[in-house]
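Look at TrEMBL and you will find 1-47 tagged as domain 'Carnitine O-palmitoyltransferase N-terminal'. What TrEMBL records for 50-75, 104-122 is transmembrane segment. Sequence annotations record features per position, and here TrEMBL assigns domain 'Choline/carnitine acyltransferase' to 174-562, 567-698. Taken from TrEMBL, the feature active site, proton acceptor applies to H471.
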Amino acid sequence: MAEAHQAVGFQFTVTPDGIDLHLSREVLKHIYLSGVTSWRKRAIRFKNGILTGVYPASPSSWLIVVIAIMSTIYARIDPSLGMIDTIKRTLSVSGYMTVQTQTVLSAILFATGLWLSLILMLRYTLKTLLSYHAWIFESHGKISFCTKLWLSLVKMFSGRRPLLYSFQTSLPRLPVPSVDDTITRYLESVRPLLDDEQYNQMEVVANDFKKDQAPKLQKYLILKSWWATNYVSDWWEEYIYLRGRSPIMVNSNFYAMDLLYVTPTHRQAARAGNAVHAMLQYRRKLERGEHAPLRALGVVPMCSYQMERMFNTTRIPGIETDFVQHLSDRKHLVVYHKGRFFKVWLYYGGCHLWPSELETQFQMILNDTTEPQPGELKLAALTAGNRVPWARARLKYFSQGANKASLEAIETSAFFLTLDDEVHGYDPDKLGSLDLYAKSLLHGKCYDRWFDKSFTLIAYKNGKLGVNAEHSWADAPIIGHMWEYVLATDCFHLGYTEEGHCKGDINKGLPPPTKLQWDIPLECEEVIEDSYMVAKVIADDVDFHGCLFDEFGKGLIKKSRTNKQHNTMIRLDLFRKAADKHQNMYRLAMTGSGIDRHLFCLYIMSKYLSIDSPFLKQVLSEPWRLSTSQTPQQQLNMVDIKKFPRYVGAGGGFGPVADDGYGVSYIIVGENLITFHISSKFSSPETDSYRFGQNIRQAMLDIRALFDQKDKKEKEKEM
């Protein structure tokens with residue numbers, strides 16, 4: 001009731017003399033401040049929306065064009081070739097508009113039209129320039145004159161100080177590869193995996209598809225590419241992610257780790273306070289579009305669309321398909337701790353809470369000793385199990401009363417926070433610490449992360465952090481961009497006191513966290529337990545191994561790229577040929593000429609058109625036993641690793657993609673560290689994550705030995 005009284009802006013009592021009205025100045029003050037903040041936010045968004053809308057021009061350039069046109073009019077020069085006079089004649093003559101006013105208005109209208117035309121021309125020119133892909137295929141350190149000229153033109157037409165979404169209208173559409181090229185590359189890629197008989201059979205089926213069904217499917221796909229800027233993304237999101245009915249925990253969600261060697265504070269509430277505050281800072285810049293757009297080579301802009309749904313987003317379960325619910329401007333957070341859910345307000349007086357205030361809120365939750373309500377402890381297991389039981393339970397048990405209100409609080413929150421009661425993180429003196437850390441981030445206890453939220457922030461008892469992210473709304477580099485911003489802000493901008501607390505004063509008038517209320521019937525508890533058991537089987541089967549390879553890193557990789565012409569060793573030649581082939585394949589994928597997305601879209605189109613294709617069925621049903629992913633470092637690269645060598649990220653990972661396969665994620669950190677995240681299943685007799693990691697390590701050492709031998713021979717020649 002205390003929170004309710006604090007929320008009342010006025011009270012009144014009825015007396016014999018009338019109504020005695022009491023206004024709460026404190027509450028009215030906060031209402032006023034909230035309104036001011038809201039209008040300020042709208043004004044900034046409106047301003048940035050205009051800046052993005054006219055980019056690569058600027059609003060001031062409109063004034064320059066208007067002044068230039070007006071100057072020519074007064075100099076009795078008509079740059080419009082008669083268009084200004086035509087506009088003037090179409091304006092209705094009235095008593096309050098003089099001839100001079102008509103002339104000025106006509107000139108302004110013409111200047112505005114000319115300005116908009118110039119903007120469109122600049123955008124089209126930039127879009128044409130960005131369709132040039134030869135730069136991707138050039139060797140590192142060897143840039144052709146054509147590419148140098150192209151880079152200069154891109155810089156020139158990109159304008160100054162672009163905002164996050166400034167380039168969206170200038171990005172070229174994703175091209176549809178030719179069927180011939182895709183099938184040729186597909187057959188080439190599977191040739192080493194098939195014997196002669198299997199390959200010949202695949203060739204026959206592929207050629208039949210190319211002649212019969214492919215032309216019609218390709219025509220419709222090209223038509224879709226003209227209508228949509230990306231002919232793949234909507235189908236990929238729906239059919240690869242949202243229509244999947246199996247658990248998303250392990251099978252779809254992925255994780256990101258904390259700094260590898262550094263823990264800025266061991267106070268759980270303080271670390272969570274800094275991290276949440278940094279996320280709010282990031283969200284504010286994101287909502288205003290103030291982040292700099294991601295650019296390859298620091299010049300070539302990349303699509304920023306996926307970043308829109310980072311916060312205030314939840315995957316909502318359905319019977320046949322899920323959907324992604326994205327809201328705007330959510331002002332609260334839901335926290336899970338020891339089986340209880342708490343709602344924490346992130347704003348007070350129109351401003352988001354400071355780290356010290358957030359630490360106080362989280363410490364209150366940690367100090368709370370109340371027991372979970374019936375069914376509350378493992379409630380989040382519903383998001384970890386099969387999708388259909390969760391969808392049915394949501395409709396049946398969470399559509400009214402306290403359950404509906406509490407579920408809405410979770411699903412409409414900015415994101416989800418787990419104050420974990422375990423200790424995790426990398427400890428070089430503790431065998432398997434990285435493995436246990438990864439498994440905790442990937443699945444936890446199966447009921448202490450809300451796997452449907454866009455991401456769950458996890459804060460451990462020892463101050464370590466991590467993130468578990470739902471995959472349908474974005475790819476890993478998007479969450480990685482936010483996560484690196486949070487880690488850098490936490491360590492190098494916010495900091496902590498000597499005692500490990502967050503810096504800043506504490507507002508003692510803040511309302512405390514509110515415990516969510518549940519009324520879960522026994523039938524629903526059974527559904528929760530069933531989901532938990534399904535999820536636990538999956539979690540217990542995850543075999544994870546984290547491999548830190550510190551024999552070499554970026555330094556030797558750069559060296560191997562630049563000394564190719566001096567190599568005379570046969571094994572090194574073979575290694576380079578394999579690496580070159582791999583590089584060419586991923587470069588083709590980067591330029592829209594990959595294999596799997598094109599074949600996938602052809603398959604979906606065949607289903608829409610009721611066309612049966614044995615080739616597409618066979619291709620889409622093939623199990624891929626190895627899935628690899630490189631985690632890019634984007635913002636922690638700004639930190640001087642030589643000055644702060646221990647402030648390096650550990651990257652992240654994901655679950656195995658096949659029952660008898662591996663999921664391998666790796667990150668190249670600095671000059672002398674590569675971190676591998678390897679997952680497989682204990683239930684498969686063919687896989688062993690630790691053994692696979694040792695094989696990777698040995699292969700890397702063999703590569704190092706080859707280069708050492710080459711260097712030794714070159715030195716002997718010089719002597």
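Backbone N, Cα and C define each Cβ position, glycine as well.
Listed in sequence order, Y241, I248, S252, N253, F254 are the same-chain residues six or more apart from H471 (active site, proton acceptor) with CB atoms under 8 A from its CB. For the domain 'Choline/carnitine acyltransferase' (567-698), DSSP puts the residue distribution at 55 helix, 26 strand, 51 coil.
Sequence-distant contacts of the transmembrane segment (104-122) (same chain, six or more residues past either end, CB-CB distance under 8 Å): 54, 56-57, 61-62, 65-66, 68-70, 73, 80, 83-85, 87-88, 91, 97, 157.
Long-range contacts of the transmembrane segment (50-75) within its own chain (CB-CB distance under 8 A, at least 6 residues past either end) are made by residues 84, 103-104, 107-108, 110-112, 114-115, 118-119, 122-123, 126, 157-159, 162-163, 165-168, 170, 289.
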